[in-house]
Amino acid sequence: MESLSPAIGQKAILPSTTARSDRDLFFGSVRLRTVRNIDRGCRRLRIRVQAGNGAAAGIEFSDPDWKLKYQREFEARFNIPHITDVFPDAVSYPSTFCLKMRTPVSEEFAEGYPSDEKWHGYINNNDRVLLKVINYSSPSSAGAECIDSNCSWVEQWVHRAGPREKIFFKPEEVKAAIVTCGGLCPGLNDVIRQIVITLEIYGVKQIVGIPFGYRGFSEKDLDEMALSRKVVQNVHLSGGSLLGVSRGGPKVSDIVDSIQERGINMLFVLGGNGTHAGANAIHDECRKRRIKVAVVGVPKTIDNDIMLMDKTFGFDTAVEEAQRAINSAYIEAHSAYRGIGIVKLMGRSSGFIAMQASLASGQIDICLIPEVPFNLHGPHGVLRHLKYLLETKGSAVVCAAEGAGQDFLQKTNAKDASGNAVLGDIGVYLQQEIKKYFKEIGGADVKYIDPTYMIRACRANASDGILCTVLGQNAVHGAFSGYSGITVGICNTHYVYFPIPEVISKPRVVDPNSRMWHRCLTSTGQPDFL
């Protein structure tokens, strides 16, 4: 989606560790430096994920006040945009969101709900959540994310999400729009439902859905869909998106033209990195035109590859549903003579689903993810280990993320409508290579399962349902509080608001030096394959 994915020029850093110079900024990629530290006894590959030259590129550690300056810079970058930045004279109103009074908003209560005492359910604008909670004592500690060589502790605080006592939109004047972009993901309908319900509690009467992603703003034959609690009451009971999804879309200026024509002043965008880049561009264009519109994102990526957040909705469901495919592969492999089962799971640039699904199942012998290179052939390759497993166990199960092993596949340089590289099918490639390898040494019964679209289309499980509910509610709270150009997420179990540029600076990936990846290796018992 070229027009909606401009180069991100804002100053951004890895959440963990580093300040990066402007020349080191990039979107949609991560630099890897591989440090091979192979002991002859265990042959362990250590891969450290770093950004550019690290923190030292932008910090003078000889300055005794460097910590204070680092904190101030961090606060400036994570300050979330507000309507008053552009409209300093914007009027605030008493919030119409109060759980002490359930009567719908009417003109009688234009100044807020009556109450005998102050309701203590609001979030103070100065409330913050700690971004990092582990104080690493050494850079060599597993998964350590350090600012300097001494692993100094510097507090990093982000904005707490939730309803504010003052709002900057009159509910009766709001026209809110919801759009879902990219691919399907469990939980889309749950988020849509909660946004609509929460908007109605504030007193909003005009709520519409934009059909089929950003293209719904420009396609003349796609009419906006009127939404209400009655319409969305049971949509969460099924998968997919009530509004439909698509990749790509018109130019940002055309979208903002449509927003103005429709009279929309709150836009809720559900999507991943590319979709959020588009949302941020829409926010910037609205500011440029001095239009009072709140643009709020809800991160939607089944791959869990959004920076700074504990997890994104749909991920837990994907891991749970993947268990069915893994168990089927296990049964097929275990029931066959010299059986090998292969399961390919989602994960273009990050292997979170494959890693967590492997951990959860306890049935995986080899887990392959994009972040960790591997060899197929050779004395330490995947094929030799499969031979060992067949000789010792009689069967084996392989779990591979879709982005794993792309170096083995022919590159086409093709891109989809969102600008993502079209990947080769690592699952089919593994199946073919395994069959060829074992053809000369006794054969193997290889079964390949790809449950991608079955997982994407299913209903959200209970865990994701709760996450979607709270994300949808907090998205509405953020918009009414006057914030724009933000996204809502969960950080250290608390819900927070992030400025969009900070979460789309690069994809989140599995750290091969992390405790979680080490736990996966312990569970599978696999070697390094290098």
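Cβ atoms are placed via backbone N, Cα and C, with glycine included.
Over in TrEMBL, the protein carries these features:
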- D303: active site, proton acceptor (ACT_SITE)
- G183, R247, G248, G272, N273, G274, T275: ATP binding site (BINDING)
- N273: Mg(2+) binding site (BINDING)
- T301, I302, D303, M346, G347, R348, E402, Y453, M454, I455, R456: substrate binding site (BINDING)
- 176-477: domain 'Phosphofructokinase' (DOMAIN)
- G274: site 'Important for substrate specificity' (SITE)
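Residues G183, R247, G248, G272, N273, G274, T275 are the ones the record ties to ATP, and the longest Cα gap between any two of them is 13 Å. Cα-Cα distances to N273 (ATP binding site) place T301 within 10 Å, out of the recorded positions T301, D303, G347, E402, M454, R456. Among the recorded positions listed here, namely D303, G347, E402, R456, D303 has its C-alpha nearest to that of G272 (ATP binding site). For G183 (ATP binding site), the count of additional Cβ atoms within 10 Å of its Cβ stands at 21 [all protein chains shown].
If you take the CA of M454 (substrate binding site) and look 10 A around it, you hit none of the binding-site residues from G183, R247, G248, G274. Note on the binding-site residues G272, G347: the fewest other CB atoms within 10 A surround the CB of G272.
Nearest in space to E402 (substrate binding site), taking C-alpha to C-alpha distance over the recorded positions R247, G248, G274, T275, D303, is D303. Taken together, the residues of the domain 'Phosphofructokinase' (176-477) have an average pLDDT of 95. Of all residue pairs in the substrate-binding list (T301, I302, D303, M346, G347, R348, E402, Y453, M454, I455, R456), the one with the greatest Cα separation is 17 Å apart. Annotated pair G248 (ATP binding site) and D303 (active site, proton acceptor), C-alpha to C-alpha distance, rounded: 19 Å. All chains included, 28 other C-beta atoms sit within 10 angstroms of the C-beta of D303 (active site, proton acceptor).
Here R456 (substrate binding site) is compared against the recorded positions G183, R247, G274, D303, and the shortest C-alpha distance is to G183.
Long-range Cβ neighbours of T301 (substrate binding site) (same chain, at least 6 residues apart, Cβ-Cβ under 8 Å): G182, C185, G272, N273, T312, G314, F315.
Between the CA atoms of G274 (ATP binding site) and D303 (active site, proton acceptor) there is a gap of 14 Å.
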